[in-house]
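**Student:** The structure's right below; bear with me while I get my questions together.
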Amino acid sequence: RFIAKPCAINLGIQDSGPHRAQPNAILEKVFTSITKSPDGRRLQGLSKQLDWDVRKIQRWFRQRRNQDKPTTLTKFCESMWRFTFYLSIFFYGIRFLWTAPWFWDTRQCWYSYPFQPLTSRLYYYYILELAFYWSLMFSQFTDIKRKDFLIMFVHHLATIGLITFSYMNNMVRVGTLVLCLHDASDFLLEATNYAKYQRLCDAFFMLFGVVFIVTRLGIYPFWILNTTLFESWEIIGPYPSWWLFNGLLVTLQVLHIIWSYLIIRTAYKALVRGKVSKDDRSDVESSSEEEDATSNSTKGVLSTSSNGSNRVNGHVAVGQWTEE
């Protein structure tokens, strides 16, 4: 409110929402009581009832859905808050870990375990990270609703579970490595969101993609999972919580693979189109994609199908999973 909003205004980001749909009692009743995304058969029925063109009705529903979505200014302020935290905590973590012996030799994470001292700097690092992810867990129900809500919910659960579990079991040394590794790319992603300068946004996204893939598909499995799966087993032997701890870490790796696929696909589309697509997780729908999808559905109704064509809502993490 006091920092992000003035910054957004200085960057030329306006606090204006999408074009509002014209008042229509019949369509409003369908929108609120039946469906927000009518299929081709229902569009044909509304077209006959209102004597409107199908595309006009389709455009009305798109505008009606968009007007309930947050403005670019709201999304910018949310991203700026996360960018500030991720950047600050990343530099704090790097500065702290640079002098830590386990940062250079992961086997140090397990020597003398579990009798390892918990320093004040390590404690505050953990508490700050845990508080932030708890805030994300709660705020995701009230903040901007994204299409990747489910996958982010799983991510927050796994992250909070790992932070809490590792703290309770004094596995904070390897825990700090996991936290710092993840923060390395998160602030770059937030820097790409809703930027007015397209080339700068593209550059940040490409840098984010490289850092994300290197850290999540390279360093994480061969550095972090290697020490938790094999070095820990070798040095301290199997312990009762070994399976749970590594199960949560492997869950994160599965999410890394999914997100990496989405990043690569977005980067490929960017090369074809000439620019990186905007963050589509909570986007205002574009007319071309939405109209094409409904148009195809309508054609199916007019030809031979008696069941119509149902829309399938896709999920998105980074980049575009368009609604097909």
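The backbone N, Cα and C atoms fix where each Cβ goes, glycine too.
As annotated by TrEMBL, DNA-binding region applies to 29-72. Among the features that TrEMBL reports, compositional bias 'Polar residues' is placed at 298-312. Under the heading domain 'Homeobox', TrEMBL lists 27-71. Under the heading domain 'TLC', TrEMBL lists 74-272. The transmembrane segment feature in TrEMBL is assigned to 83-103, 123-142, 203-223, 243-264.
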**Student:** Calculate the per-residue pLDDT averaged over the domain 'TLC' (74-272) and state the result as an integer.
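**Tutor:** Here the mean pLDDT over the domain 'TLC' (74-272) amounts to 88.
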**Student:** Under 8 Å between C-beta atoms and at least six residues away from its ends: which parts of the chain pack against the transmembrane segment (83-103)?
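**Tutor:** Sequence-remote neighbours of the transmembrane segment (83-103) are 109, 121-122, 125, 128-129, 132, 173-174, 176-177, 179-180, 183-184, 186-187, 190-191.
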